[in-house]
Amino acid sequence: MRLQDLEELAIANAYQLPRGLEFCGVTADSRNVAKGDVFVALAGSKTDGARYAADAETAGAVAVLCGENAEMGTITIPIVRLRDPRRALALMAARLHAPQPDTVVAVTGTAGKTSVASFTRQVYAHAGMDAASIGTTGVASPSITIEGSLTTPDPVVLHQLLRDLASAGTTHVAMEASSHGLDQRRLDGVKLAAGAFTNLGRDHMDYHPTVDDYLAAKLRLFDTLLGKGQPAVIFADDTFSAAAEAASREAGLDVRTVGRKGAFIALKRVEHERHRQIAEVACGGETYRVELPLAGDFQIANALVSAGLAISTGVEAETAFAALEHLKGAPGRLDLVGQTPNGALVYVDYAHKPDALEQVLLSVRPFTTGKVSVVFGAGGDRDPGKRPIMGEVAARLADRVIVTDDNPRSEDPECIRAAIMKTVPGAAEIGDRREAIREAVCRLERGDTLIIAGKGHETGQTAHGVTRHFSDHEEARAAIEELRP
Ligand SMILES: CC(=O)N[C@H]1[C@@H](OP(=O)(O)OP(=O)(O)OC[C@H]2O[C@@H](n3ccc(=O)[nH]c3=O)[C@H](O)[C@@H]2O)O[C@H](CO)[C@@H](O)[C@@H]1O[C@H](C)C(=O)N[C@@H](C)C(=O)N[C@H](CCC(=O)O)C(=O)O
Ligand SMILES: Nc1ncnc2c1ncn2[C@@H]1O[C@H](COP(=O)(O)OP(=O)(O)OP(=O)(O)O)[C@@H](O)[C@H]1O
Ligand SMILES: N[C@H](CCC[C@H](N)C(=O)O)C(=O)O
Ligand SMILES: [Mg+2]
């Protein structure tokens, strides 16, 4: 690629560009610079890439792209100042690591992204397509499997991955668009075919200064990344649905609402059973009966969003709704890990924010004839404001609460627990998560349901800066085993 190609990508003015300068790669991390690369110096949350420009030059960088006001030290390679260097990085990574699979769809929202990405992949696969999903739980595809990473990978990693998937024959990709990812332009180079919105609640208040800022980041998917006439699938029954719909209409997108208030897919009726739900939906003048093999009201919402995405990108409605009958839940999302000898149900769930905790507790109540128990904590080095709200949710919606540690990271675990305990004074406090799970499991009686919330698919616990192997699934199964005679 030549530096003057940036002009074609509409990210720089011709006069700024050293003509004819060729480069082979791009990176925003000086530690990854290879000879002949362009280094993009980004101002981050911890440090400023400009500080590492000299390291990048030593490592063989041929030019540095940076923000308009970056304080660059003395370097001899050309410096190109840009209004939006993060976007430049994404567009360059896309150009360098082409091609992308033909159909890439992205889903944003506070909760449900991982589930929708996984469900959409499953619907595509059911329709006979070679499909992948990319998100919090990693990459799933017929050719490439990667466990867990960022929800939205950084652009260089993302475009290398999309290229590898395309080369392996994957044609359809469903990916998560996190607010960090959207804000940091990680998706700006992705050629999207459609976008989706699930809901908006409290999250990442450590990163976004206000809810408006958080919403604006999410809405970039619709007002900036998708183009006129492209489908925007919007869950219609959330408080913020109207805002997502308005932004999409304003951008000239083809708005397709789904849910009880949905016009594209209208949810007419749901019957909840213990491990499945039967929904009646209307789409394109037809009515379909869907037996969803998953518990939880919110999974209906996620399933409809994924059907909306699949139908909007070429899957027949009948095929999409038939596919929903075979869905497997995303790992660690209202995941039934076992049943105690007296018949109580034990679920692992990834609710680590107030709305998710509320939804998951509400959704097990209809099939719980006994008590609803919950074991949860809150992550350290993350928005402390959510802790008392999660305590309040648990106090209101669970009959038995054990407050334990999540990933305290660098914080004092006791202080995190104390902040939750303030609003749920009736709770038991057991810091050791293994012990908390055991205690909760052995107190279960017939008809009870236990939710072990917060860590879902995670396989480690980080405390005092050290990560040790820890799996809620393994702990729950071991605790159930101990009850067997
Ligand atoms: C807060 C945040 O989003 N941080 C991400 C961001 O880092 P940053 O831009 O703030 O970087 P920084 O550490 O301040 O450094 C600034 C720049 O200097 C560069 N640098 C730094 C040191 C050096 O020696 N040389 C060098 O060039 C860095 O590469 C960077 O470009 O960009 C990095 C590269 O893409 C990410 O790895 C990093 O993710 C960190 C690890 C992280 O924990 N991110 C989480 C919060 C995140 O992104 N989460 C979302 C949402 C999760 C969800 O709700 O599902 C996600 O999409 O996963
Ligand atoms: N549509 C939904 N509405 C409300 N809560 C939901 C919804 N879908 C999932 N949840 C809850 O949120 C948790 C996380 O779900 P999921 O991983 O699909 O969302 P996510 O948006 O990817 O979250 P994260 O940003 O943490 O990766 C689930 O375990 C469940 O408790
Ligand atoms: N992507 C989220 C995951 C949180 C998971 C929870 N178990 C925690 O550690 O807080 C974050 O990094 O904030
Ligand atoms: Mg996710």
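Every residue gets a Cβ built from N, Cα and C, even glycine.
Note: TrEMBL annotation is automatic and uncurated.
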Among 406-409, 446-449, 454-457, find the range that TrEMBL records as motif 'Meso-diaminopimelate recognition motif'.
406-409
Among ARG382, ARG434, ARG477, the candidate listed by TrEMBL alongside ASP406, ASN407, PRO408, ARG409, GLY454, GLU458 for meso-2,6-diaminopimelate is ARG382
Within the domain 'Mur ligase C-terminal' (332-456), how many residues are helix, strand or coil going by DSSP?
45 helix, 27 strand, 53 coil
Near the motif 'Meso-diaminopimelate recognition motif' (406-409), which same-chain residues lie under 8 Å Cβ to Cβ, leaving out any that are not at least 6 residues past its ends?
352, 376-382, 416, 433, 454-455, 458, 461-465
Across the domain 'Mur ligase central' (107-309), what does the pLDDT come to on average, as a whole number?
95
Students should find that the Cα atoms of LYS113 (ATP binding site) and ASP406 (meso-2,6-diaminopimelate binding site) sit apart, in Å rounded to an integer, by 21
Calculate the distance in Å between the alpha carbons (Cα) of ASN407 (meso-2,6-diaminopimelate binding site) and GLY109 (ATP binding site), and round it to a whole number.
23
Does ARG409 (meso-2,6-diaminopimelate binding site) have same-chain partners at least 6 apart in sequence with Cβ under 8 Å from its own Cβ, and which are they?
GLY379, GLY380, ASP381, ARG382, THR462, ALA463, GLY465
Can you see whether DSSP assigns SER115 (ATP binding site) to helix, strand or coil?
helix
